[in-house]
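In Swiss-Prot this protein carries:
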- 2-22: transmembrane segment (TRANSMEM)
- 55-75: transmembrane segment (TRANSMEM)
- 86-106: transmembrane segment (TRANSMEM)
- 122-142: transmembrane segment (TRANSMEM)
- 158-178: transmembrane segment (TRANSMEM)
- 196-216: transmembrane segment (TRANSMEM)
- 239-259: transmembrane segment (TRANSMEM)
- 266-286: transmembrane segment (TRANSMEM)
- 291-311: transmembrane segment (TRANSMEM)
- 348-368: transmembrane segment (TRANSMEM)
Amino acid sequence: MIALLIGAGLALLFALVGTPLFIRLLVRKSYGQFIRDDGPTSHHTKRGTPTMGGTVVVFAVLLSYALTHLIMWMMNPRSPGPSASALLLLFLMVGMGLVGFLDDFIKISKQRSLGLDAKAKLVLQGAVGIIFAILALNFPNADGVTPASTQISLVRDIPWLNLAFGGTVLGAILFVLWSNLIVTAATNGVNLTDGLDGLAAGASVMVFGAYTLMGIWQSNQACGSPRQTGGGCYSVRDPLDLALLAAILSAALVGFLWWNTSPAKIFMGDTGSLAIGGAVAGFAILSRTELLLAFIGGLFVLITLSVIIQVGYFKITKGKRFFKMAPLQHHFELKGWAEVTVVVRFWILGGLFVAAGLGIFYAEWVVLL
């Protein structure tokens, strides 16, 4: 718990102090956001607002995680160092962040609201996701537990949903596909949510807060742990280090949100939304709660579904729209809701989804008692 408090405190400090410094740098270089012409007219006033703020979040997370382990080692040289699971998650976060950074850089350099084309972005996301998935099935600990499993999970691995039903090779291939589906869905879900001041950052704070609580619980109730109190146990590698990383991410986003809330002084850009989405997917996979992500990240799912419905309805009806505008948050803006109202109500909705996910997580354990 001491490590979690140290890590979260450092991340909050780095994000709070680092974001305004980064804003000044971006203003000097005239790195501002370009706004869609077909978006809500109220958004045109945001043109030129510094973007790529996710860079601060990523660096705050990396620095806080490294310093926390250094401090813990100085306090106790026998304390465990960085874990394979956390390093894999950081790889996924940074990799997706780099894809987003490239997208943001193209927007700024070419002075347009569109960066990488959809195919190029998916290819780059897929490449990062494939490397992550392959590595996640390796690096077993002393008990032979790898960071990820070929078994599909809700609260823990579901025995009868094993992707390796046809052998190890087929299982690995199917896992890579399954993992990439989760990664692509999560990254694009957060990316679509990042359309209003503070919306994606605030929603993500709650999501990572949930993974912090889940990681602590999985550590206490790990199979073979002397602290296990009965019921089901968890075969998750490095749950406490994942909880540390989730706490750091949540705190870093709180620090960033101070400057990103309406009226935003900086946007996270695709650099931030893709990095955060990658981290969300990483936690779902490495904590072995993939299916639970549909609840924990329910707001991201809902907003993604609104885009799918809009596009599908438009094609079927040959030009008609189901929503006034997609993603869903812009539909309510065009209905006359103030931006802050939309953001706060969507935060509430996101919080309810997170609460439902945590309820399922703990209810499953209680039932097994």
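Quick reminder: no glycine exception, Cβ is built from N, Cα and C everywhere.
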- Item | Feature contact check the transmembrane segment (239-259) with the transmembrane segment (348-368), CB under 8 Å, 3 or more pairs | no
- Task: Give the one range among 2-22, 55-75, 86-106, 239-259 whose Cβ atoms make the most pairs under 8 Å with those of the transmembrane segment (266-286).
- Result: 86-106
- Residues of the parent chain within Cβ reach of the transmembrane segment (291-311), under 8 Å, 6 or more residues beyond its termini: 152-155, 182, 185-186, 188-190, 192-193, 203, 207, 210-211, 277, 280-281, 284, 321-323, 326-329, 331, 346, 349-350, 352-354, 356-358, 360-361
- Message: Cβ under 8 Å, sequence separation of at least 6 from the ends of the transmembrane segment (2-22): give me the contacting residues as numbers and ranges.
- Response: 50, 53, 55-57, 59-61, 63-65, 67-69, 71-72, 212, 216, 243-245, 247-256, 258-259, 265-266
